[in-house]
C-alpha cells in the first residue's frame, strides 16, 4: 500500500505544465465523386497522411471519401493515388482507414457525425467522440459556391447548417478549439456564418473567386491537387517535420501567397478567444498533430511480496463488502438494485422470444380448411346476393 | 416534372370542361347557357375546391409542420444554473468508545465543536455519531492489520468509523488508519479523556484535526468541482489556493471522463518475435481483478488483450546509448511520439465504453535496457488515454523466453494498476482504499449531477436557438426522467446516501445524453423560403392555375349577373 | 348459334394461347414476374410466394417486409399445390380469371350502358362493336396476356373491377357492392370507382323499374353495404393474421410508398429525388390529386357514369403509386365499349405511337440501366413519362370526345362542324 502511495506521489511530482487540450481529432471530408474530381480526394488523402504523420491515430481521424480513385477503372496506376505529377508519394499506401465512403458521404451523415446524433449501432470508429478538451481539425474540399458546398452533386450543405452544427457542438462541449479549413470556390463564405466561439477558420478563396487546381499529371490525366491545399501541404512538409515542432499557425497563415494560390485565402480570427494575436500563437501541432503530454514515472522497485499482500487485503475487503452488501440486500432490498434486476429479467424474457427459432412447415390441413372456408363464404355471399337480386 | 405534364394534360379539360358546352361556331352568336350546364360547371368547380380546402390544406399543415414537443425550459435552465439544487455532503462518522455513554457523548460534542470550527466548507460537513454496539476493550491491544474486522455498523452510508483504544504505552494520542477498512483507530492515554466539567479536551481537538486532515483532499476536490459550476455558489465554496487549483486542474485533465463501463486493452508489443505469448489471463486475475472488483460500485470493466509481434515504436524516435549507465535512453520529448499510432492497432472500438490502453513494450535485446533519460524509470502515463511500460528483459532470461510468465508481468501489472487508479481519478489520500473509493463516489455523483444539469441547459438553449429542429416526444420524456432523477440524486446527497445519489445521477446523466443526442433531432437542412417556392411551384402551379382561373371566372360572371340584375 | 360459336372460338383461343405460353416457355412466367413493368411490389407473384411460404410456416407473412398484399390471398393460394413445383394449377387459375373478366366485359357491352345510358342517347349509338369483339380486345391484349402469364395478382383486382362494373350495369346492387369491396380490399384505390358505379347502378335500376327508387335511400343502403362488406373482409383478415398489423403492410405501403422499386408510374422517381422534409406533404398532394378526380368526373359526366368509371380506371393507370401494365390493360379494354367516340378523338395516332414506343423501348432502357450499366435511371424514367403521356392523351382526348358527343346531342345543328372553345 505504501508503495502504491509512493508511486502516486511520484506521479504527482512528475507532472509539468500541460497544454489545455488532451486529444486531437481530425475530420477530413471530400464531397465530390467521379474521376475528374480526383484532386479533391487527393487533397483529403494528403491531409490524412499529414495528420497521421504528426501523430493523430486513425481512431481519431474521421475520413469521408465519396469515391475510390485508387480502384477507378480509369486509373492507369491502379491501387494508388498521387498528389503530385512526380508521383513520388503514394497517398494510398497500405494503411488507409476510410470511415465514410461512397454514398455514406451525405450532408445528413456529416451533421450527424459532428453532433453525434448517430444510431446506437454506429461503431465507435465512425463517431466523433470528442469532449471539451479536444481540438478538432475540420478540413473540407469539393465544389462549392456562395455559402454552400455541394455533396456528391446531389445535395448541398449551407454555411448556416455548418454554423448551427458547430453551435450544437459548442453547447454540448464537444470541442475545445477548432480549426476549420476549406478548399473550394468562394470558400470564405462558408465560414462567414459561424457564431460559436473558439473556432479559427480559414478558406481558399473570397466570394466570387474560384479555387484552382495546382497542376495536372498527364499520365493520370486529371489535376491531382488544388493550389491552396498544395501550398498548405508544402508548408507543413517543409516546416513541420516532426511532432516536436513549435511552428505557429501565424507562420502558416503568413505563408499564404495569393500570387501563387491564384485566389485570396481568408482567415477568420474573431471567434477565437484573444482574437488574432492568440490565434496566431497557436501551434500547428495543436490542430494537425497529437501532442500527448505524458507523465514519466520514476523507477520504483516493487516489493513484490508486500504488494501481493496488499492485493490479498483488497481481495478480502471486496469479499467483505460483497457479503455485507448482500446482507443488507436481504434485510432491506435496496431500491435501485431491485429495479435493475427486474429489468434484467424482462430483458432476458424478451430475448427468449426474439431469438432465432426453428420454423417448420405447418402440419395438417388447417390452412387449406381456412382457405376453403373463406372461399366458400365468399361464394355463399355471392350466391345469396344473386338470388336476392333475381327475386 | 412529368407529373405536372400529366396533371395539366388532364386537369385542364376537366376544370374548364363546361366551356366546351358553351362553344359556338365562329360565326354564330353564342346562345345563352342552359341553367343545367351552369349548375354542372359550378358543382364541378366546387367539388375540386372542396377537395383542396377540406383535405389539401390540412395535409399541407400537418405534413410541413415541424413537431416540437413541449420541454420544461425554465426548469431545465434552473438546473443548468444550479438554482434548484445546492448539493451538500453530510458525512456520518461513527465513533466507538469503550467508555460510559455519558462521557462518550461529551467527547463527541467537544469533537464535533472543534471539527465545525476547523471546517471552512459548509457544503461538506462531518457529523459524529455514537456507534451503538460498544466496543470490546480487551481486543484492542493487538493492532488489527488484516482489515477484515467487521465494521460496527452495517450501514453503508457511514463514511468512517473512529475507534477509540485506550493504551498505557507510547506516545498518545496517536492514530492509525486502517488501509483496507474505513476505520481510524485512535490511541489515547486514560488521562486524555475529557471530564464532565472541562471543555475542549486535547483528545477531542486531536480527533477533530485528524478527521479534518483525512477529508482535506476530498473537500478540495468537491470545492473545486462546485466552483466550476455556474450559479450562486460563492458562499458555499471553499477558498482554494491557486497551487491546489492548478494541481486539481491537472488531475482532472489526466482523469478519464466518467463512463459506466470502461474497456481496458492490454497490449504486448515487441519489435521481434519474442516474447510471443504471455500469461496475461492469470496475471490479470491475480494482480488486476481485486482492484477492479473494489470499484464495482462505480464502474464496470471489460478487458481484452493482444500480442503484436514485429511492432516497433515510431521510427522517428531514436534512443541514445548512455555509456554511464549502460542503457538506452529515451528523451522525455520522445515519449509522446513513442506510441506508433500509425501502425499499432490500438483503440479497437470493442464494447460500449471508452477504451483505456495499457501498452507493454518489450524491447529488442540489442536495445535493452531501455529507460527514460530524465527519470531513469521505464513507464509513463498518457492522460485520458492509458499507460505505457517498457519491460526490459532481465539477464536471467538469457534463454529468451517465448512466454512471459505471470511473475515476469508482476511489476508491469503493478504500474498499470497505479496508472489506472490515477486515470480513474481516484484521490491520492488518505491512505485507506475504501475511504478513497467512497470519496470517488461522492465526487462522481456530484460531477454527474453537474454534467447532466449542464446538458439540460444546452438542450434548452438549443431548443430556443434552432426552431427548425424537430423535437420528438421521446426527448420530453427523457428530460422529465432526467429532472426527476436529478432531484432524487440531489436529495440523496443531502441525506448522505451517496451510493444511491450516484445511482440516480448516473440515470440522470444517461437520460440527459439520450435526450440531447436523440437521433431524429437533426434539423431540416437549411432551407430558405425562396427555395420552398421552387419546391412547391413547379408541381402545384400547373394544377392550381386552372383551378384558380375557373373560380375567378365564375366569380366574375356571378358578380356581373348580380349587377345586371340590379340595374335592370 | 353463330354468336355462340364465335364466343367459344374466342375463349378457346384465349385459353389455348395462355396455356401454350405457360407450357412451351416454362421460364416465361418467372421472367415476366420479375419485370418491373408487370409486377409491382404490391402485386408481384414472387412476393406472394414468399408470403405464402411464411404463412405456411406459421410466421407472420409481413415479417421481413417482402409481402405487401392482402392477407386473404394466402389461404386461397394455399389451396393450390406449390406453384414452383406444380405450376399448372395456378396457370389454370389465372387463365380462368382472365376468361371470367372477359365474360364480365361482354356483359357490360351487352348492357348497352356505354352508348345509351338512361339520361343520354348518343347520336352515334349505332357505331359500336359487338361484345365478342370487345372481349377479344381484352383477351388478346398483349398487356393482359403478359399480366396473366406473370401471374400478377392485379389480374384478380382487374377481374373484380370488371365484375363490379358488369353487375352495376345490370342493376344488381348486392353483387356489385360485394365485387367492388373485394376489388378495394385487394388494391385499395378501386373504392374511388364507387360514386360513378353507384350512379350507374341507380340509373339502370331506375330505367328497369320505370319509377325511380328513392335516390338517397339507394345511396345510403349501398354505401352501408360497401362499408359492411369491406369491414367483413378486413375483419376476416384480422382473424386470419391475429392482429391488425396487416393494415400497415398492405394499405400503409400503398399510401406511404416505402418501396421505391421502379415501375411504369410517376411516383417512384419523384420520391427518390424528393427532399425528405417534403416527402409527406407531396404524398398527400399526390393522393389528393388522384382522389380529386372521382367527384369532379362523376359530377361532370353525370349522364354517362360508365364512361366516368372507365376514365377513372385510366387515371388510376397513370397516377397511382404502383401502377403496372395491368392497370393500363384494364383501361384499354374498357375503351372499345365507347367505339362511338373514336371518330371524335383527335390524337389517336399520337397516343398509339407513344404507347407503342414506350412498350418497346421501356424494357430496353430498363436493361441498359440495371443490367448493362450503360444508362442511368433517367433513361427508364423518360420512357415511363412517355407511357404516362400516351395514356393521359387517351384519357384527355376521350374525355373531350365524350363531351363533344354530349354537346352534339344538345345542339344537333352544330354536329360535324368546327367548334371553338371560348
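Glycine is treated like the rest: Cβ placed from N, Cα and C.
Keep in mind that TrEMBL annotations are predicted by a computer and have not been checked by a curator.
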Candidate ranges C:170-195, C:378-403 [criterion: TrEMBL lists as transmembrane segment]: C:378-403
C:146-165, C:306-325 - the one TrEMBL records as transmembrane segment: C:306-325
Remote residues contacting the transmembrane segment (C:378-403) - C-beta distance under 8 A, at least 6 residues beyond either end: 262-266, 269, 301, 304, 307, 311, 314-315, 317-318, 328, 331-332, 335, 338, 341-342, 344-348, 350-355, 357-359, 361-362, 365-366, 368-369
Leading stretch by Cβ pairs under 8 Å, where the reference is the transmembrane segment (C:306-325) and the options are C:9-28, C:85-106, C:127-143, C:251-269, C:345-366: C:251-269
Positions whose Cβ lies under 8 angstroms from the transmembrane segment (C:127-143), at least six residues beyond its ends: 3, 6-7, 10-11, 13-14, 17, 98-99, 101-103, 105-110, 114-115, 325-326, 328-329, 332-333, 336-337, 339-340, 342-343
For the transmembrane segment (C:85-106), distant same-chain residues with Cβ under 8 A (at least six beyond the ends): 7, 10-11, 14-15, 18-19, 22, 26, 29, 77, 131-132, 134-135, 138-139, 144, 148-149, 151, 155-156, 158-159, 162-163, 165-166, 333-334
